[in-house]
Amino acid sequence: MTNIRKTHPLLKIVNHSLIDLPAPSNISAWWNFGSLLGLCLILQILTGLFLAMHYTSDTMTAFSSVTHICRDVNHGWIIRYLHANRSSMFFICLYMHVGRGIYYGSYTYTETWNIGILLLFTVMATAFMGYVLPWGQMSFWGATVITNLLSAIPYIGTNLVEWIWGGFSVDKATLTRFFAFHFILPFIITALVMVHLLFLHETGSNNPSGIPSNSDKIPFHPYYTIKDALGFLMLISLLLLLALFTPDLLGDPDNYSPANPLNTPPHIKPEWYFLFAYAILRSIPNKLGGVLALVMSILILAIIPLLHTSKQRSMMFRPLSQALFWILVADLVTLTWIGGQPVEHPFITIGQAASVLYFTLILILMPLASLIENKILKW
């Protein structure tokens, strides 16, 4: 008798995606981050659902409702801290996933790559709106500063900001709509993930060597299901370690003070995973220029496939490109550090230098290094 997973219309889809899927035999741990992101998304939706049952999106009660969740709701504190810290894990996995795509040339699957960029933007928007919900000092001022950036758009900027705010400042209307969007966006992300996987399974997965692996495939189960399970275990262990021992390590102390529109914090900054983009924004003295640089710092990923000049797909055998890639990683770490520092000398200069280097590496140096490598190999 034929196995039900191969005949049942629904189980057949699961079977072709998770069990009998032909996968390259040599994919490394860098390919684990996709499944880890899926795990993060599912767990974020679950914890978020339980938090939404007790949260109230009103400026008068939002802060106290979060306090109520932590103090009075059964296991509310752990649900809240898991939700907050898993967003950090989400972005760590996300950046590693994108980094792996750049290093091993996965961006040559343009459909999958472009849906991935759309996913990145959507996840960033969701995380930003989630950061506003506890209605602490940094939540309020972060929302004010970041939404205000849209006022740099010529002609329609001011109207656009007031339309998003639902008034003349960040207030009750803003909080209510941010909560509504924060609730609905993860489900839109889930739909986009399905499309992302659909495009990926059209081409099959890339592998570290960048060479087509059609002649050497193995079934996804049990080989990669076990490998993913180990990744899940490590991620959950790290998350529990963070949420149970140092739950506020990645948060901002200002968020323990209720939002006060009359008192500005000395240093307004977003969550740590947005600091690299925030540093690029601040490094340009002009408001519109800064906003364009901020958007381009992420949107630049969309033109990476067009800048691929190498005859090889992966960086595995390209030492020059490897060196530049790791300089890019170090540059992003520097930008993240600068984004968390006050706007004063020498941080301004370091931020400007790191921002220029970021764009120079991606737009000029990396394509140039690929051409030099082609020349060395006489290709």
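Including glycine, each Cβ sits where the backbone N, Cα and C put it.
Residues annotated as transmembrane segment in Swiss-Prot: 33-53, 77-98, 113-133, 178-198, 226-246, 288-308, 320-340, 347-367. Per Swiss-Prot, the feature heme b b562 binding site maps to HIS83, HIS182. What Swiss-Prot records for HIS97, HIS196 is heme b b566 binding site. Swiss-Prot lists HIS201 with the feature ubiquinone binding site, giving similarity to another entry as the kind of evidence.
Here the features listed in Swiss-Prot are placed on the structure.
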residue : record                   : Cβ neighbours (10 Å)
HIS83   : heme b b562 binding site : 19
HIS97   : heme b b566 binding site : 20
HIS182  : heme b b562 binding site : 22
HIS196  : heme b b566 binding site : 21
HIS201  : ubiquinone binding site  : 14
Legend entry - Criterion met for the transmembrane segment (320-340) and the transmembrane segment (347-367) (at least three Cβ pairs under 8 Å): yes
Inset, instruction - By CA-CA distance, flag whichever of HIS83, HIS182, HIS201 among the binding-site residues is nearest to HIS97 (heme b b566 binding site). - result: HIS201
Legend entry - Alpha-carbon distance [HIS182 (heme b b562 binding site); HIS196 (heme b b566 binding site)] in Å: 21
Legend entry - Folded-back contacts onto the transmembrane segment (226-246), same chain, C-beta under 8 angstroms, at least six residues removed: 29, 32, 35-36, 39-40, 78, 81-82, 85-86, 88-89, 93
Legend entry - Distance from HIS201 (ubiquinone binding site) back to HIS83 (heme b b562 binding site), taken between C-alpha atoms, in Å: 30
